[in-house]
Amino acid sequence: MNPLNIGNLSLSSFRYLALISLWLLVWWAAMLMEYQPYISLWYPPAGLSLAAFILIGRRAFLPILAATLVAGFWMYLQENSSLSWLRQAQNSLTLGTAHAVAYGLGGFYFRCLVGSWDIQHIPQRILFFLVVIFLTTLLGAWLGLIAFYLIGTMSVSEVFNSWLTWWIGDLAGALVLTPFFMLLLGRMWKLDNSWLKPLNIRLSGEPLHQQLWSKKLGLMILLVAIVLTADYVYGHPAIAYFIFFLCVPQLWMVYTESLERGILSLALISVIIAAWFGAFGVDDHALTYQFALCLIAANTYFGVAVPSLLHQNKQLHQQTKTDNLTQVATRSYFLEQAELQLTGRRSRDFPVALMVFDLDEFKEINDNYGHLVGDQALIMAAQSIRAHIRQCDLIGRFGGDEFLLLLPDQNLQEAEKTAERLRQHLPAIPAGRELIQINASFGVVEIAPDESLTDALQRADNALLKAKRNGRNQVVSSA
Ligand SMILES: Nc1nc2c(ncn2[C@@H]2O[C@H](COP(=O)(O)OP(=O)(O)OP(=O)(O)O)[C@@H](O)[C@H]2O)c(=O)[nH]1
């Protein structure tokens, strides 16, 4: 075996060992937070197992099974069990297999389906993620309880009495911590975290209020401290419900900070709630805190999607306004803006002129020099027109090589002069060693006060046709 392979082998063994150790650490933390036998406020190993299966697929099975085996032996050691080693191993393996199969299946479906979804599907992706977590933890809870029944630790009635609280603990652990562990394992394995990555597009453009991150976190910790202390002192169930208000600062965090910080704050705040809950022993209100954790987590993920959706929306809106090639207004946006401008300006004191122009024998440029040169001609013609009109004039592409111009406060004579100036300034474009002069024909009208935009367009188009028939490269107006 060459040294490179040995290096790779020891690196991957180290990563698997790190995964096993991390699993045992979070499992141990969950044990500390148990408020009923086998039931904790939340169950972090659920989040870690799902994250591992989503990220590394079936390669996560053995390390997680190994971790559950160690956890099983540890439990028996704590109990001073009189069972034989073999029996302890069998029981631990049964429990571990139930856990690994449930989370393995959840991870498998997530990998199969979400991998092919693109950024357009972020809300569906998040919804699917939540559904996977719901179903996986439900399966995990039931398989776990059946395993407990099979090894003789629980009776049938105990299974039926505890499945709901068991499931909610697993659900809270997985909802809150799966993305956090995905980020952590993604770094450990140097994996491209493709599920989370597209959400980061907002980081490119928008500034983040980084300096406020610690203040926002401080505010959340303060809120947790107040609610849990008040709950401990007064013991009234209504007080625990105030924990739901954490959604507000957490969403503020998610909208204004990086994705990593949003997920980290969710994990941190959940650990703090769990620790405080354990320290004060406000067990009667466990369900309120569990549901608050679930809701804050679900809100966070949808919150994460919002900036991406806004960004997408902005892009789409831009696309409907601006012609991709020439960067002038699209036909629909031009017509919409022209209608707006015409409203209230229909009097002889405030004339408005409309111009339609079309490049001459443009098809020949395409046919003789290729479409790329044709595109360049369209771009340069549009640029030249923009450079020679006023800020208040509106230019749009009607389609193909035909453009539209709206000239507020210009009467027919002024518009004719403008058209003539634009015609004379059309550029020549380079095509190999040649320079091709771009020419265009113009149809110009002044929009009458009682005339519709469609009628004015029709007149301008007729004038343009006349210019074409008269030999092109000229301005024709229609009174
Ligand atoms: N390169 C390029 N060509 C386009 C684009 N849109 C339309 N065309 C081409 O533009 C040409 C327009 O041709 P015609 O409408 O016959 O007009 P023309 O050749 O300029 O003839 P006249 O208007 O009578 O002078 C067609 O060949 C279209 O394929 C585009 O975005 N890029």
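Heads up, the Cβ atoms here are built off N, Cα and C, so glycines get one too.
TrEMBL: automatically predicted annotations, no manual curation.
As annotated by TrEMBL, domain 'GGDEF' applies to 350-479.
As annotated by TrEMBL, transmembrane segment applies to 12-33 (among others). Counting only same-chain residues 6+ beyond the ends of the transmembrane segment (12-33), those with a CB under 8 A from a CB of the stretch are 40-45, 47-49, 52, 60, 62-64, 66-68, 70-71, 74, 173, 177, 184-185, 188-189, 274-275, 277-278.
According to TrEMBL, the feature transmembrane segment maps to 39-56 (among others). Listed by sequence, the residues of this chain that lie at least six past the ends of the transmembrane segment (39-56) yet keep a Cβ under 8 A from its Cβ atoms are 19, 22-23, 26-27, 29-31, 33, 63-64, 99-100, 103-104, 106-108, 110-111, 132-133, 136-137, 140, 162, 165-166, 169-182, 184-186, 189, 191, 193, 195, 270, 273-274, 277-278, 286, 289-290, 293.
Per TrEMBL, the feature transmembrane segment maps to 61-77 (among others).
TrEMBL lists 97-114 (among others) with the feature transmembrane segment.
The transmembrane segment annotation in TrEMBL covers 126-151 (among others).
Feature annotation from TrEMBL assigns transmembrane segment to 163-185 (among others). Beyond its flanks by at least six residues, the transmembrane segment (163-185) meets 19, 22, 26, 30, 36, 38-48, 50-52, 54-56, 129-130, 133-134, 136-138, 140-142, 144-145, 191, 193, 195-196, 260, 263-264, 266-267, 270, 286-287, 290-291, 293-294, 296-298, 301 of its own chain at Cβ-Cβ distances under 8 Å.
What TrEMBL records for 217-233 (among others) is transmembrane segment. Counting only same-chain residues 6+ beyond the ends of the transmembrane segment (217-233), those with a CB under 8 A from a CB of the stretch are 239-240, 242-243, 245-246, 249-250, 253, 265, 268-269, 272-273, 276-277, 280, 282, 285.
Feature annotation from TrEMBL assigns transmembrane segment to 239-255 (among others). Long-range contacts of the transmembrane segment (239-255) within the same chain, counting only residues at least 6 positions beyond its ends with a Cβ under 8 Å from a Cβ of the stretch, are 213, 216-217, 219-220, 223-224, 226-228, 230-231, 261-262, 265-266, 269, 273, 282, 285, 288-289, 292, 295-296, 299-300, 303-304, 306-307.
Beyond its flanks by at least six residues, the transmembrane segment (262-282) meets 32-33, 35, 40-42, 172, 176-177, 179-180, 183, 213, 216-217, 220-221, 224-225, 228-229, 231-232, 235, 240, 243, 246, 250, 253-254, 289, 292-293, 296-297, 300, 303-304 of its own chain at Cβ-Cβ distances under 8 Å. According to TrEMBL, the transmembrane segment annotation covers 262-282 (among others).
The annotation transmembrane segment is assigned in TrEMBL to 288-310 (among others). Residues of the same chain lying 6 or more positions beyond the ends of the transmembrane segment (288-310) and with a Cβ under 8 Å from any Cβ of it are 41-42, 119, 122-123, 126, 129-130, 168-169, 171-172, 175-176, 179, 198-199, 201-202, 206, 237, 240-241, 243-244, 246-247, 250-251, 254-255, 259, 262-263, 266, 269-270, 273, 277.
Among residues of the same chain six or more beyond the transmembrane segment (126-151), those with a C-beta under 8 A of the stretch's C-beta atoms are 38, 46, 50, 90-91, 94-95, 97-99, 101-103, 105-107, 109-110, 113-114, 159, 162-163, 166-167, 170-171, 173-175, 178, 195, 298, 301-302, 304-305. Within the chain carrying the transmembrane segment (61-77), a Cβ under 8 angstroms from the stretch's Cβ atoms is held by residues 16, 19-20, 23-24, 27, 49, 52-53, 83, 88-89, 91-93, 95-97, 99-100, 103-104, all 6 or more beyond its ends.
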